Amino acid sequence: MSLMGHGKVEMLLYAVPLLKAPNCLSSSMQLPHGGGRHQELVRFRDVAVVFSPEEWDHLTPEQRNLYKDVMLDNCKYLASLGNWTYKAHVMSSLKQGKEPWMMEREVTGDPCPACQPALATFRALNESGNAFRQSFHHGEYRTHRTFVQHYECDDCGMAFGHVSQLTGHQKIHKVGETHEYGENTRGFRHRSSFTMLQRICTLYKHFECNQCGETFNRPSKVIQHQSMHSGLKPYKCDVCQKAFRFLSSLSIHQRFHVGNRVNLTRHQKTHTQRKPFSCNFCGKTFHRFSEKTQHLLIHTRKKYYTCNYCKKEFNPYSKFILHQRTHTGEKPHKCDVCEKSFKSISNLNKHQKTHTGEKPFSCNECKKTFAQRTDLARHQQIHTGKKSFICSSCKKTFVRLSDLTQHKGTHTGERPYQCTTCEKAFKYRSNFTKHQKTHSIGRPFACNECGKTYRLNWELNQHKKIHTGEKPYECGECGKRFNNNSNLNKHKKIHTGEKHFVCNQCGKAFSLNSKLSRHQRTHNKKENSSKSVSNLNKHQKTHAGEKPFPCNECKKAFAQRMDLARHQQIHTGRKPFICSSCKKTFVRLSDLTQHKGTHTGERPYQCTTCEKAFKYQSNFTKHQKTHSIGRPFTCNECGKTFRLNWKLNQHKKIHTGEKPYECGECGKCFNNNSNLSKHKKIHTGEKHFVCNQCGKAFSLNSKLSRHQITHNKKKP
C-alpha cells in the first residue's frame with residue numbers, strides 16, 4: 001500500500017475520537033432552546049476520510065472493515081448533533097459496502113433543493129476563494145453560512161472552518177510533545193488508534209525538497225512543490241492550450257470556458273463598488289468584509305521563520321526562502337535563452353515573455369499590447385488625461401507619484417545612486433540598475449555594419465538607423481526628422497519655448513536638464529576640477545600614467561574603457577561611415593561629423609579671451625585651458641613648458657633626435673605619427689580639401705586655409 005494511503009488509514013483512526021472528545025463542540029454549535037443564534041452545521045465531509053480507487057485497491061480486507069466501522073461511528077455522532085441531513089442514505093451506503101469515492105459524490109453536493117444554484121461542491125467553493133457567503137433561503141436551509149477559516153492554531157498558525165477540526169488538529173501538537181497514552185489522549189477508544197497517531201507525528205514534515213529545503217508530510221506534496229522550481233506545467237487546457245502546474249488550477253480555469261461566471265461577476269464589482277472596509281493596522285481598504293478578515297491574518301498570524309540577517313519574520317516558509325535570497329544573492333531560476341537568473345519562478349516567467357514577444361494584455365483604447373498587467377495599468381492612465389501630481393518648482397504635472405518623485409531630482413541635481421565599480425553616479429535607481437549590468441553581463445547583440453555591440457536588442461535596432469539613415473520621427477512644425485522619439489521631443493522644445501529647468505543660483509532657465517547641468521558647472525568652477533568624482537578619478541589617471549585597459553590585439557593600453565573600445569574598432573578594418581563630399585571613410589560617426597567641418601570651413605567655437613576660432617569643441621576646450629591653468633611640465637633642455645606630460649615627452653624627441661615613425665615609401669622618419677600621416681599624402685596624391693570658390697584641391701586642411709586667404713584678401 002502507498003504511503004499516502006497508509007497516512008489516510010492513520011487519519012481514519014482518530015476521526016471518531018475527535019468528535020467524541022468532550023470539548024469538541026463550541027457554544028455556537030449547541031442546539032438552541034427557542035430563538036437565539038443559528039445552529040452551525042457540522043457535516044459528514046468535515047470529518048470523512050476519502051480514498052481514491054487506486055488507494056482503495058491497496059487496502060487489506062481488515063483495513064476496509066475498519067474504514068466501514070469508523071465511518072458508521074462518524075455518522076452516528078453527526079446524527080447526534082441533530083443537524084445532519086444525509087443520515088439515512090449514507091449509513092445505508094456504508095452498510096452495503098459502497099466504495100468511498102461513490103459516497104463522496106453523494107455527500108459533497110450541497111445544492112438548494114428549490115433553486116439548484118450552480119455552485120457544485122464545497123471543495124469548488126474553497127478553490128474559488130477562501131471566503132464565500134452562501135444563503136440558503138428555503139425551509140430548513142434558511143441559515144446563513146460563511147465558509148471562512150475562523151479557528152486558528154496558536155502553535156503553527158493553521159486555520160480551520162470548525163472548532164472540532166481545530167480541536168482535533170491540536171492533539172497532534174499535544175501528542176508530539178508527550179508521546180504518552182494519557183490525559184491528552186483520553187478521546188481515543190483504542191491504544192492502537194493512539195499508536196497510529198504517533199506515527200503521524202514522526203512522519204510529519206518528513207519529506208524535504210532538495211532545492212530549497214522546505215519539508216512536507218507527503219511525497220505527493222513534494223512532487224507538487226518541486227514543479228515550482230522546474231517550471232513544469234503538465235496540465236493543459238483543451239480549449240485555449242494554457243498550461244498549469246496543478247490540476248486544481250486547471251479545474252478553476254476551465255470554469256471560464258463552460259460559463260461559470262461567479263468569480264467574474266464578483267470581480268467586476270471591484271470596478272464599480274466603493275471599498276467600505278478598512279484595515280485598522282495599515283489602512284488598506286476592501287470591497288467585502290471577508291477580504292478584510294482574510295487580510296487581517298497578515299497582521300495577527302504568528303510568524304515563525306526569522307531571517308538571520310535582518311531579523312525580519314515570515315510565514316509561510318516559501319516567503320522566508322524568497323526573502324533570504326535578497327541577502328545571499330541566490331538566483332536558482334535561469335532563463336534558457338539568455339542564461340539570466342532570477343530569485344523566483346514568477347519573475348522568470350515574466351522575463352521569458354521578452355524573448356517570445358508574448359504580449360497578452362491589450363489596451364482597449366489604442367490596442368497597444370503589453371507583456372505584464374502592471375505595464376498595461378500604467379499605460380491606461382495616459383488615456384484618462386488626468387495628471388494629479390504637480391511639481392512645486394516648475395508646475396509640471398505627472399500621471400504617477402513615482403514620475404513626480406523622479407522629476408524632482410532634476411531640480412536638485414542630486415545623484416544618490418553611485419556605482420562601486422567605476423564610481424559613476426545616477427539620479428534614478430532604474431538607470432543605476434541598467435548601468436550595473438554593463439559590468440556584469442555581456443553584450444550579445446552586434447551591429448553587422450560597424451561591429452558595435454549592445455546588451456539589448458532594441459538598442460541595436462535603434463543604432464542601425466544611423467547606418468540606414470532612417471528617421472521616422474518628423475517634427476510637425478519645421479519638418480525636421482529624427483531617428484528616435486526622445487530626440488524629437490527635445491527638438492520640439494525649441495518651437496514651444498518651454499524652459500522648465502531653472503538654475504537655483506542665478507534664475508536662468510533652460511529647455512533641457514543637460515543644458516542646466518552644464519550651466520551649473522560655471523557657478524561651481526574650480527581650477528583642475530572635474531564634473532564629478534568619477535571624472536576626477538579619470539583625470540587623475542593622466543597624471544599617474546595609469547592605463548589599466550590593454551588591447552588584446554596590439555597590447556596598447558588605455559586609461560579609460562571607452563578609449564579602448566574606440567581603439568579596438570581600428571583592428572576590424574571596417575569604416576562604415578562615408579563622407580558624401582570626398583568619399584573618405586571613418587570608423588566612428590563622431591569622426592565623420594568632425595571631418596565634415598573641414599569642407600565647410602566653419603569654425604563655430606570662438607575663444608572670448610583671444611578670439612581664436614575652432615572647428616571642433618574638443619580643440620576649443622583644450623585651448624581654453626591655456627588661459628585658465630598653468631603649464632607644470634618643463635623641458636630640462638630648453639625650459640619650454642607644457643600643460644600635459646605626453647606633450648613634454650613628444651617635445652623631448654626634438655632634442656634627442658628620436659624619429660620612430662618611418663615612411664614605408666621613401667624611408668623618411670618623423671618624431672610623431674601625425675606628421676607621418678601628413679607626409680604619406682604626398683605619395684598617394686590624396687587631395688580631399690577643395691576650395692569652394694575656385695575648385696582647387698589640397699592634401700592638407702592647413703594648406704586650404706592659407707589658400708582661402710588669397711580670395712578674401714583686399715587691397716587697402
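Any Cβ shown, glycine's included, is placed from N, Cα and C.
The following features are taken from Swiss-Prot:
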| type | residues | note |
| --- | --- | --- |
| DOMAIN | 42-113 | domain 'KRAB' |
| ZN_FING | 207-229 | zinc finger |
| ZN_FING | 235-257 | zinc finger |
| ZN_FING | 277-299 | zinc finger |
| ZN_FING | 361-383 | zinc finger |
| ZN_FING | 417-439 | zinc finger |
| ZN_FING | 473-495 | zinc finger |
| ZN_FING | 501-523 | zinc finger |
| REGION | 515-548 | region 'Disordered' |
| ZN_FING | 549-571 | zinc finger |
| ZN_FING | 577-599 | zinc finger |
| ZN_FING | 605-627 | zinc finger |
| ZN_FING | 633-655 | zinc finger |
| ZN_FING | 661-683 | zinc finger |
Within the zinc finger (417-439), residues counted as helix, strand or coil by DSSP: 11 helix, 4 strand, 8 coil
Secondary structure content of the zinc finger (473-495), with strand meaning DSSP E or B: 11 helix, 4 strand, 8 coil
When counting Cβ pairs under 8 Å to the zinc finger (661-683), the leader among 361-383, 501-523, 633-655: 633-655
Best-contacting stretch, by C-beta pairs under 8 Å, relative to the zinc finger (577-599) and drawn from 361-383, 473-495, 501-523, 549-571, 633-655: 549-571
Per-state residue totals over the zinc finger (633-655) - DSSP helix, strand, coil: 11 helix, 4 strand, 8 coil
Taken over the zinc finger (501-523), the model's mean pLDDT: 77
Residues of the zinc finger (235-257) by DSSP state, where helix covers H, G and I: 11 helix, 4 strand, 8 coil
